[in-house]
Amino acid sequence: MDDGISSFWGPVTSTIECCEENYVYSSYIAEFFNTLSNVPGIIWALVGLLNALRQRFEKRFSFLHMSNMALAFGNMLYHATLQRVHQHSDETPMVWEMLLYLYILYSPDWHYKSTMPTFIFFYGAAFGLLHHLVGFDIGFKLHYMLLCLLCIPRMYKYYIHTSDVCAKWLAKLYLVTLLLGSLCWLVDREFCKKFSSWGYNPQGHAFWHVFMGFNSYLANTFLMFCRAQQLGWNPKVDHFMGFLPYVKIDKPKTQ
């Protein structure tokens with residue numbers, strides 16, 4: 001929400017603003033809480049990346065965790081500046097991330113192994129270039145929604161074919177965090193004027209970031225379990241310090 005305060009970054013040029021007042025705590029950060037709330041997501045993604053590297057999962061999962069981090073950093077840049085050019089640094093990684101999810105979900109049954117990653121790479125590069133030059137608005141939202149919808153049937157298939165109770169709980173927690181995060185996003189969007197009249201903002205969009213950061217970690221962990229199961233790596237869901245779920249694998253010695 002623009003309050004007219006001058007800033008280091010100049011006038012707001014982004015097409016989307018949230019309910020949080022601009023430049024309240026620093027002239028360098030437009031939306032303070034919406035910016036810093038990406039930090040937990042970066043930490044979750046880093047934990048997932050270290051686990052994937054330590055146990056030598058396929059590189060696709062390392063790229064997936066790094067895409068989560070790239071999205072979080074891009075989102076921080078966007079909310080800190082509220083500049084149109086930096087809005088693309090949030091939106092473009094959103095599409096790249098979903099393309100990676102599509103690859104991980106569908107590639108095990110794809111007969112031509114090299115065609116899918118090649119197509120996804122050039123598709124993602126082309127989208128990034130066009131979005132930078134043209135600046136899709138409604139087109140971006142519809143495109144992103146389509147990519148999300150394409151993931152749903154495959155995720156459901158993975159869920160119903162997974163018998164491990166702990167792995168199923170990962171999927172259930174994924175759904176719960178998605179619903180809670182969406183509720184926070186919706187409340188922030190629909191009741192902003194009322195919050196402004198009260199002089200109090202519960203920072204719903206910031207909580208959306210926190211929930212979605214953990215949500216991505218849960219999705220990645222569930223997919224790592226399913227892929228390890230496909231490869232015969234005897235996966236199981238363990239918990240670090242009794243709280244944080246992660247996938248522990250036992251590869252056959254021949255691998």
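Backbone N, Cα and C atoms are what each Cβ position is placed from, and that goes for glycine too.
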Of 63-82, 143-162, the range TrEMBL labels transmembrane segment: 63-82
Selected stretch (most C-beta pairs under 8 A with the transmembrane segment (207-226)) from 32-51, 63-82, 119-136: 32-51
Alpha-carbon spacing, His205 (Zn(2+) binding site) to Asn22 (Ca(2+) binding site), which is rounded to whole Å: 14
Between Glu31 (Ca(2+) binding site) and His79 (Zn(2+) binding site), the C-alpha gap once rounded to whole angstrom: 6
